[in-house]
């Protein structure tokens, strides 16, 4: 055997010897502990069964010297466990080496666990008796909590045989005692806090009464209810009364609040007036609720010595239903109509915010979790949207009115030259949005005036609110402009094709809206940012309105121009009495049309637009009549020539009558000078025509020499004299 093997063998022998010495020392202790635990456990089990199964206790725990024996066992067991742990750690022993010792330790551990369970039930009578003693001294908290602790331990125990029934009896006794304590606590609570409802024909009287005679007892009761988690249960009936009756009627009716102070109590009365048909406003409702909460906190809350306020505890019972009631029955049902001012809305938000802050201060709700936050933050927006949607709805209804249903005169006559005059006859005009725009006198549909009035009112009130609402309103105004361009032309399509009055009113409406949307300008009445936003956002709509108004007017005028031209050009060539009759009828139609338009449009359209429109038709008539004269170069008899001259003179007179005040036709109708010279050319002799051509500059500027030669050929016979005159006209 080598030296190393010999050393290892000796070391192994030494270790085995040390282990045997440790086991020889620990085994007697293990045996002694096991015997002591079993003996005391048997005695405790017998005591428990005798006490709670046979109900004839033989030996008391004092007689069994329970406290000392239990303390010694627990001390020795704890020390023994430490020695075993040290033994295993020192030698790093595997279970297989000390298997018997380990098995005996496990048996001891199981016995000790059973011993603990028996200690719980054995001490149960002590705990119940002590709880009775404490309850008799009004120490409700100690009494109830000790029994609850006992019950939690009993729930985890399991016994066999008679022990099971004994455990059931002990549990039943603890439950019975706890029920007695909670019942007595409820009685005490009911004496402290009472509420009632008295109904009569004209009113309902709600009374809350809090006892004040014994503050010390009151504090004990309230704290006991809180610590034993009975407060919510005791507040159950009052919570139902508060939500379904008191809160329900405080929201719906005006009420009177007054207090009484009889001996030993403080009484709070809420008298509901059923005869008052006026509903309370937000401020009244919130003030009344604030008073109720303050009463509860000042009376009950001031006596509750806990980590929560009374209102905070009360909130656990009613918070969800309370806010649901406030939101559904108070806020939503009492929101003002769309006709109310934005300031009214703002006042509502202020009242909501104040009440919400009060609830947060009272710890009724956490600041971040209050359902009222959404209404405080969004109510202005919701109500603003409501009012704006009402604006759109009202506008839609107004747009359903006929264009000529009710009219009103707007604008004024202005003789002063102004670069900002709204003159549709001017081209390439640049409007300065910083200068006031002159609106010429005209007649518009009254619904358009009402629309602009509502828009102005909304703008004026929106300035009082945060900027985001004013920005939103600008988009609504743009929608209104788009609505007018979309709805009216489609709804009154036939009118805008056939009815001159409706066409004129629609033109005026479009230009009035465009003018009004430019503003006074806005920078004079609105904040600079809002004014700039209005100008940039509405600029396209303003231009579209003008274009649309001009388009409808232009289409109608173009249609009438085509009719005039077609009727005058419809007669057959050459000139005969029959063709002249057709020509005369066509002119009469055109003149009658324009006279009817004068009756319809004069003092309806702006003066310049009226002139522009009539001159457009006059231009078509003049051009058509002149074209008809030059359409055929064949000779015409003198009678027809004279009739044509008279027809031209009469037409000129009739056209002049279309205007109340004289206007410069030559500046508005490019062939007017040519047209008014035609009667003279048709009546003059050949030599007179030659003299006119030589001496009358207006004639030479209006007619080409070929035109004059053609008239001469039509009127006079072909001879040497006509040939000489024609040669002179070059």
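Any Cβ shown, glycine's included, is placed from N, Cα and C.
Over in TrEMBL, the protein carries these features:
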{"type": "DOMAIN", "residues": "198-399", "note": "domain 'Centromere/kinetochore protein zw10 middle'"}
{"type": "DOMAIN", "residues": "439-562", "note": "domain 'Centromere/kinetochore protein zw10 C-terminal'"}
{"type": "DOMAIN", "residues": "587-727", "note": "domain 'ZW10 C-terminal helical'"}
Checklist entry - Helix, strand, coil residue numbers for the domain 'ZW10 C-terminal helical' (587-727) per DSSP? => result 108 helix, 0 strand, 33 coil
Item to check | Predicted model, mean pLDDT over the domain 'Centromere/kinetochore protein zw10 middle' (198-399) | outcome: 82
Checklist entry - So how many of the residues in the domain 'Centromere/kinetochore protein zw10 C-terminal' (439-562) end up helix, strand or coil by DSSP? => result 103 helix, 5 strand, 16 coil
